[in-house]
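**Q** Quick one: the structure is below, questions incoming.
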Amino acid sequence: MYQSELLDPATNETPHYEAHQNIFVSLRAQPCSNVHSVLDDERCVFVRETEECRESVHYVDYMNFMYCVVDSSNLVLFALAAVGLLLLVICLGTAIYHLCVNRYVDSVLYVAKSWGMNEYIAGVTLLTYGNGLAQVLSELKHHTSSDTELIYNQYLGTGVYQTSFLGALVIWMGPFRIYPEVIVPNIVTLMLVSVLVEEFMYDEQVGILKTVSLGLLYAAFLGALYTIALVWDRQGNRSRSQIEIRDGGGKLMDIKLTEVAANAEGAPSSSWSERIWLGMRAFKSEDYQSATWCGKVYLLFSLPLEIIAVLLLPRVNYALPLHGWNKCLFVLNLNLFPLFLVWTALVDMFPIKDLGWISLGCLTTTAILSVLACTTSQNDQKPPFFSCIGLFAIFGTSYVIMLLTYELIAILETLSVIFNISSASFAITLLSWGGCWIDLVTLTTLSKRGYPRLAFAACLGSPVFNILIGLCTVFCVQMIRTGATTIHVRDGTSGPTSAAYLFMISITLLLSVLFARFQARASLALCLTTLYATFLLYVVFCEFEITHGYGTDHNDDGEYFQDRIHQHGH
């Protein structure tokens, strides 16, 4: 267990020996994947004592369930439990899909239209923030062990997935014209970010100056986009990317017809109980009768989720009477959602008694706001602050989706341990796909409805937000946790390659749109798809050790078994 230096005859120095940093590795510091290396009857103790196995826990401890509740020595039972987890992943993905299609997308379109945003600005900002909130916040829980490898690989792998696969998917769904005023600065920023963050991570030391520069770079990116948009507006070219409201089939809608309740069911003369029922009704009976058996199963499955969503979140949609305004339900949402937020976000931080006092203060505040909302609004007319209710719907729905995504990712992490997938490969594939499920659903839904430019802008704006703001947040939290202004970071086995692929995809996008005269065609989609397929092929080769990932970590077990040998110079 010792490493020696060769004797130098010229200096006649005796050889020096440097011991490894750790000869005995504690159980708590081992990778969770080592659970397969211990005896069957010791796996439960291993899972309970290993810190990394605790990091995947959100509300349910799936690792404890698989290795303590289920008998892991019984291969048939263990396989059935793993299949059950896969089915749960499908259920959670379906719930996220339902919330995205029926609430989230409509809220984003409403706020973007009411605030006069064009498609590109709405995609780079509003849609990006809603989609990226879950991923940025979910990574904070991984930093209890200072493991930046998993976080960095996921951010870079997600960026590759969004710009190549999702970007190609949007183009495959129908070609469209790209307007350069926002897309070109976005692509250039993405190229700069891919080079800059790898330079920061390469020397494995990040200080407060580098951390602050990430946030400032994103602020400069937003400032440049808004400046360009304002200049373009003054030239009279804003109308070409203005948002026009379409229904689920992509047909243009007259939003003035649904602005009053008299033009649809739920007229002003309806009682408060009828208005609540109309707002809470998940689907119409004729929709259920005309649906196929698959559609009927889906409607029944979504019924509990829709009831919970109606109680917690307002529904904002241009296709609904009064565009979704329901005074009685809004008062209910205003009081219930903050309580839901307190008990889901703070349950691990405060004791039950303190949570009770926080809930009481929260309920008192929302009661006062409810009285103000009731006195300043009417049942048959949208209130002046309805755009703010739209924002409430966006980020409230995003938060609920974030909780579902947490559970989905926790299950995927458990499955990665069960199937013995390396952390780097898992981060840039399964973890990125699970974290970006909301992106996949929203972007395809927007493309089907006739908003490909909005979706394409989000494909390019999301990686910039996730990498800059995500890494900045993680570094700040780590500095606060350790009390140091300089922290040790690692980009892992696949970090540099992911950054290189992101740079390659960005420059390919830039050259392609320039040569194609800013037309997003099938040839560009084919090129992006090929790049992502090549990236996945590299991941597979690294996973099966056909090739070796290039990065600061060349140890299969990650940072936990990485010994630092200090060589003595002569």
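Keep in mind that glycine also has a Cβ here, set from the backbone N, Cα and C atoms.
Automated prediction, rather than curation, is the source of TrEMBL annotations.
Annotation comment: TrEMBL describes 86-225, 393-540 as domain 'Sodium/calcium exchanger membrane region'. Annotated transmembrane segment per TrEMBL: 75-100, 150-172, 178-197, 209-232, 297-316, 328-349, 355-373, 385-406, 418-442, 454-480, 500-516, 523-541, in sequence order.
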**Q** Please determine whether the transmembrane segment (500-516) and the transmembrane segment (150-172) are in contact (criterion: at least three Cβ-Cβ distances under 8 Å, sequence separation 6 or more).
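**A** Yes, these stretches are in contact.
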**Q** Need a quick answer: max count of Cβ pairs under 8 Å to the transmembrane segment (523-541), which of 150-172, 209-232, 328-349, 355-373, 418-442 is it?
**A** 150-172
**Q** Among 150-172, 355-373, 418-442, which stretch has the most Cβ pairs under 8 Å to the transmembrane segment (178-197)?
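**A** Answer is 150-172, with the largest number of Cβ pairs below 8 Å.
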**Q** Hey, which of 75-100, 150-172, 209-232, 328-349, 355-373 has the most Cβ-Cβ pairs under 8 Å against the transmembrane segment (418-442)?
**A** 150-172
**Q** Under an 8 Å Cβ to Cβ limit, what residues of the same chain, 6 or more beyond the ends of the transmembrane segment (385-406), are close to it?
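**A** Cβ under 8 Å, 6 or more out: 58-59, 92, 95-96, 99-100, 103-104, 107-108, 110-111, 114-115, 126, 129-131, 133-135, 137-138, 309, 312-316, 323, 325, 330, 333, 337, 341, 344, 434-435, 437-438.
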**Q** So how many of the residues in the domain 'Sodium/calcium exchanger membrane region' (86-225) end up helix, strand or coil by DSSP?
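**A** Taking the domain 'Sodium/calcium exchanger membrane region' (86-225) as a whole: 122 helix, 6 strand, 12 coil.
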**Q** Could you put numbers on the helix, strand and coil content of the domain 'Sodium/calcium exchanger membrane region' (393-540), residue by residue per DSSP?
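**A** Across the domain 'Sodium/calcium exchanger membrane region' (393-540), DSSP assigns the residues as follows: 121 helix, 5 strand, 22 coil.
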